[in-house]
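Participant: According to TrEMBL:
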- 31-241: disulfide bond (DISULFID)
- 79-89: disulfide bond (DISULFID)
- 94-100: disulfide bond (DISULFID)
- 149-231: disulfide bond (DISULFID)
- 154-214: disulfide bond (DISULFID)
- 162-177: disulfide bond (DISULFID)
- 181-190: disulfide bond (DISULFID)
- 191-201: disulfide bond (DISULFID)
- 1-22: signal peptide (SIGNAL)
């Protein structure tokens, strides 16, 4: 906890000392085990460092992304790769590759999603999404942002309270928690078909469970009112297994 606090103070101080073009994403592994973050840019944007890398316990990596960048970041756990970067992960796997290279993570996976401005709007929009389920706690905190910037987060390990029929297990231990959409593929839970609008797609018992435990996360497809944050900051701290 103390180390994490010192890191946050350092990042705030660094904001006053230097500026860079675009936006910095500081990705920190605060978990008790290694993780392998995956990155996927939306169409038309470049994916940093080939879309995936390894983070040891306590390690951090800083990524510089250009103005208007858009994409998602998620954590992979329980990975094993050979010298050619081929292998597999317990959760969040992307085509069995260390460098995801344009492949998305297999759900369930906790997603950090962001759109860092558009040609007509300089604001940054971001969220932590549980729409595709959960695997690792994560938070996204603006550093040096304007007033009113929000924190997007799911800081609690939902695997510990995941209903049995939604749990993904490895060696008897829950390592992921499916969303109702992922588990049932039902239009009602996936907000598709006649449920593909905010008037017909409503929170379900499953999304309410996620929302109760992680109120600052996106719990279902139309959860913008509390799940979507916006800001204009030069840096964001993305922490896997943040202190809570």
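Just so it is clear, glycine is given a Cβ too, placed from its N, Cα and C backbone atoms.
Predicted automatically and left uncurated, TrEMBL annotations should be read as such.
Here the structure is a predicted model, which means the values were calculated and not measured.
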Participant: Out of these disulfide-bonded residues, 31, 177, which one has the fewest other C-beta atoms within 10 Å of its own C-beta?
Facilitator: 31
Participant: Taking the Cβ of residue 154 (disulfide bond) as the reference point, list residues of the same chain whose Cβ is under 8 angstroms away and which are at least six residues distant in sequence.
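Facilitator: The list for residue 154 (disulfide bond) reads 110, 128, 130, 134, 137, 138, 139, 210, 213, 214, 216, 217, given in order along the sequence.
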Participant: What's the CA-CA gap between residue 79 (disulfide bond) and residue 241 (disulfide bond) in angstrom, rounded?
Facilitator: 17
